[in-house]
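Below is one structure, written out as structure tokens, with a few remarks after it.
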Amino acid sequence: MRVLAAMSGGVDSAVAAARAVAAGHDVVGVHLALSAEPGTLRTGSRGCCSKEDAGDARRAADVLGIPFYVWDFADRFKEDVIDDFVASYAAGETPNPCLRCNEKIKFAALADRAIALGFDAVATGHYAQLENGVLRRAVDADKDQSYVLGVLTAEQLSRAMFPVGDTPKDRIREEAAERGLAVANKPDSHDICFIPSGDTRAFLGAHIGVRPGSVVDADSGEVLAEHEGVHGFTIGQRKGLGVQGPAADGQPRYVTSIEPETGTVRVGSARDLEVHAITADRAVWTSGRAPSGPVECTVQVRAHGGLAEAVAEAVDGGIRISLREPLTGVAKGQAAVLYRTDPAGDIVLGSGTISGTDARPNTQ
């Protein structure tokens, strides 16, 4: 097969490309330039799309003996990822930009160009397992990235390859060193690549501006503080509320709801965060078709953690999810990714974007 290897400049994508070469594929490496202004992306060894990373990717391609190119996706990235991120926060949601990048850039815009140029698949360094269209969790549970791939359609999965998902991260680093790849010990990236300072609130403030509102006690309705915009808050947040002292019962306060229309941020106790039911829109099913009835599954609502046993049902292009046990910190805009337990690695069934929650179990 002709394989386009998306090379971020990190160790995982370098080994993914190396494995594609070793498997006998005709491989070409590509690095995505995601900003028209390089200074707006993080620099240094911890980036995933910084200007230094392009050099690391090129050097890895040279070691592997494969052609290498840099493709400019800055405009698409701004429109589909950065602008979406800002708009979502302004609407009181909590988006995951890596998830959107996979959905709109790596496995859409990039994959479309690859197919148009005669490639059969795009290989990345994501930690997930994919075989015959079935997407599973990675062997290395600590590095599993199936959650941020749960938005991919059956068509997108049909042209994807994840060569490192069957191997623990420590072994990937060892393999990189054995192959003479200089990125073998390069630190992992963790933060949002287009926020170089790591200060998400400041970034959003610069893009959205001041939209004042009130922090209100969820029980009494008392105004506790003023704020400069709902984009500075997320469900379950405890710090940075601008509120002096604990609640009346002596317990910490948490953000329990965000109302962008009025600029109201409500805070309450930990018990007010419990969610028993979730509704999600923009449903995607990895099999290509929605299930005909209720499905026993596990739902994950954050990239790390937020797991619960559940029953999910496809409803009007969305998903209704009833939880077997409550979850906390569930925010609109997050993805709800559904899994079926399997000894070979839990299988991703599909996903939806959380549009609502309920403290009461679904009864329908």
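Cβ from N, Cα, C; glycine included.
Summarising the annotation, Swiss-Prot assigns ATP binding site to A6, M7, S8, G9, G10, V11, D12, S13, L32, G125. The annotation active site, nucleophile is assigned in Swiss-Prot to C101. Swiss-Prot lists C101-C193 with the feature disulfide bond, giving sequence analysis as the kind of evidence. Among the features that Swiss-Prot reports, site 'Interaction with tRNA' is placed at H126, Q334, with the record citing sequence analysis. Residues or ranges marked as active site, cysteine persulfide intermediate by Swiss-Prot on the basis of sequence analysis: C193.
Feature map: annotations from Swiss-Prot on the structure.
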{"residue": "A6", "record": "ATP binding site", "contacts (Cβ under 8 Å, 6+ apart)": "S13, V30, H31, L32, K106, L110, V122, A123, T124, G125"}
{"residue": "D12", "record": "ATP binding site", "contacts (Cβ under 8 Å, 6+ apart)": "G125, H126, Y127, V164, K169, I172"}
{"residue": "C101", "record": "active site, nucleophile", "contacts (Cβ under 8 Å, 6+ apart)": "F77, D80, V81"}
{"residue": "Q334", "record": "site 'Interaction with tRNA'", "contacts (Cβ under 8 Å, 6+ apart)": "E93, T94, P95, N96, V301, R302, T353, I354"}
S8 (ATP binding site), number of other Cβ atoms within 10 Å: 26
Cα-Cα distance maximum in Å, computed over every pair in A6, M7, S8, G9, G10, V11, D12, S13, L32, G125 that the record assigns to ATP: 16
DSSP three-state assignment (helix, strand or coil) for C193 (disulfide bond): coil
Integer Å distance between the CA atoms belonging to C193 (disulfide bond) and G10 (ATP binding site): 13
In three-state DSSP terms, the structure that S8 (ATP binding site) belongs to: coil
